[in-house]
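Annotated in TrEMBL:
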type: DOMAIN; residues: 292-417; note: domain 'PROP1-like PPR'
type: REPEAT; residues: 97-131; note: repeat 'PPR'
type: REPEAT; residues: 132-166; note: repeat 'PPR'
type: REPEAT; residues: 167-201; note: repeat 'PPR'
type: REPEAT; residues: 202-236; note: repeat 'PPR'
type: REPEAT; residues: 237-271; note: repeat 'PPR'
type: REPEAT; residues: 272-306; note: repeat 'PPR'
type: REPEAT; residues: 307-341; note: repeat 'PPR'
type: REPEAT; residues: 342-376; note: repeat 'PPR'
type: REPEAT; residues: 377-411; note: repeat 'PPR'
type: REPEAT; residues: 412-446; note: repeat 'PPR'
type: REPEAT; residues: 447-481; note: repeat 'PPR'
Amino acid sequence: MSRKRCGSLRGQGWKYGSGFVDGIFPVLSPVAHQILNFVRKEVDPNNVWAALDTLPVTHETWDDLINVAVQLRLNKQWDPMASICQWILYKSSFQTDVMCYNLLIDAYGQKYLYKKAEETYVDLLQARCIPTEDTYALLIKAYCACGLLGKAEAAFVDMRKYGLPPSAIVYNAYIDGLMKARNPQRAIEIFQRMKNDGCQPSTDTYTLLINLHGKASQSYMALKLFNEMRSKKCRPDICTYTALVNAFAREGLCEKAEEIFEQMQEDKLEPDVYTYNALMEAYSRAGFPYGAAEIFSLMRHMGCEPDRASYNIMVDAYGRAGLHEDAQAVFNEMKRLGITPTMKSHMLLLCAYSKARNVTKCEEIVNQMSESGLEPDTFVLNSMMHLYGQLGQFEKMEEVLTAMEKGPYEADISTYNILINIYGRAGFFERMEGIFQSLTTKNLKPDVVTWTSRLGAYSRKKLYRKCLEIFEEMIDAGCHPDGGTAKVLLSACSSEDQIEQVTTVIRTMHKGMEIALPA
């Protein structure tokens, strides 16, 4: 059979980051619905391809297949989406199209299969298809997701060979990929390169960078970028405003968060559940649970339905303020409305009762989690260990540790930091040192919390010389002290001479390091 040209969607249709034609979601025909339902259920690609072989090679079939592939992408169902694209490109008699290659690169990238994404890119070139900016955007994201930043940069350079100067879409994909690869510094460098290359940052670009600085608790930088984008006549959207509200929320700056919330409404943008949640989070972190409750009520009054995250924020808000009964009431209301509490929901309630040192209720919550099919994780067990330790129930604390070391639960450095802190505060130096010395046998490296907790034990006893010895060990081990370390070290001093000596030691040994020394 001769290769047919494809349907009305050839060369257009799916656009990276937009969903479908100009952001419109695909409308499925009855045949497309049948294909969609079949590929969702059938896991064997060979069976999928055999079924697709029975379809007529028409324009309508092409459009149906692309619509189905895009719908699967929207639902993040990468395997069936890849099966359809593989059949079109390698099994069918349809003429190859760059859009199919792009979809397949996207599917592989989402599954961290960078080699397959790379092979698809090579196939695209060998088929004499012209790669688009979407091709490179998706390939770069695939490399970043796998931590292959050298390959991502090479793809970025490679696109110029095809006369494609990097656009905002490609830069955004690169920045987003670097952020997800937890390389924010490189993401900032690419943003600066974007501006130096004369490529105008888009709303999405600024939103990404505002998110980046917000997550780093740098709300001042997030606001600076927000003001910059407005000065460049780049209009912020609902996502931009939500990112900025979130930036202030993380630092508990509820007044600034509310100011941005009001500014968004003045710009004729309607807040959604994510924006309301961000504002609630701001009041929660600032220690104003009733302020968060007012936002929660306002959200419902405005016809915006709270989601699971909304209820979790309220449980957390009351728990942080020590109002465990109110936290329990919100948790119960969530269940009454048919919203299934997740692991996070239970953990937040556990933290609320742990703060109140209600060990019986905490144990009950852990049991409820197991009954609900939610296996307690390391965070939950660490919380229980910490609570038992605070209450002096060392035997129970050790039982939890034994369960973690023998069972399926992974004891991490935080687990042992809790033990070192608890035993150090109780004056059990021998047990504390034993745990510290055992870390190397468990392939765990002491972090700044470990060293500071150990220092704190001797600092409380004013054992100045011992504290200096441990501090020197810490430096030799390559662990950088923070403000908390300096504060603990200074608290070991019992004379002005010792204070001066400690200050000099810290500044001499860490010239160039930022350590916030207490006044």
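Backbone N, Cα and C atoms are what each Cβ position is placed from, and that goes for glycine too.
Where the annotation comes from TrEMBL, it is an automatic prediction and has not been curated.
Residue counts for the repeat 'PPR' (237-271) under DSSP, helix first, then strand, then coil, are 26 helix, 0 strand, 9 coil. Within the model, the repeat 'PPR' (307-341) carries an average pLDDT of 94. Sequence-distant contacts of the repeat 'PPR' (272-306) (same chain, six or more residues past either end, CB-CB distance under 8 Å): 238, 241-242, 245-246, 248-254, 257-258, 261, 264, 313-314, 316-318, 320-321, 323, 326. Broken down by DSSP into helix, strand and coil, the repeat 'PPR' (447-481) contains 26 helix, 0 strand, 9 coil.
Within its own chain, the repeat 'PPR' (412-446) is flanked in space by residues 378, 381-382, 385-386, 389-390, 392, 394, 397, 401, 404, 453-454, 456-458, 460-461, 477, 479, which lie at least six positions past its ends and keep a Cβ under 8 Å from the stretch. When Cβ-Cβ distances below 8 Å are used as the criterion, the repeat 'PPR' (237-271) is approached by residues 203-204, 206-207, 210-211, 213-215, 217-219, 222-223, 226, 229, 278-279, 281-283, 285-288, 291, 299, 302, 304 of the same chain, each at least six residues removed from its ends.
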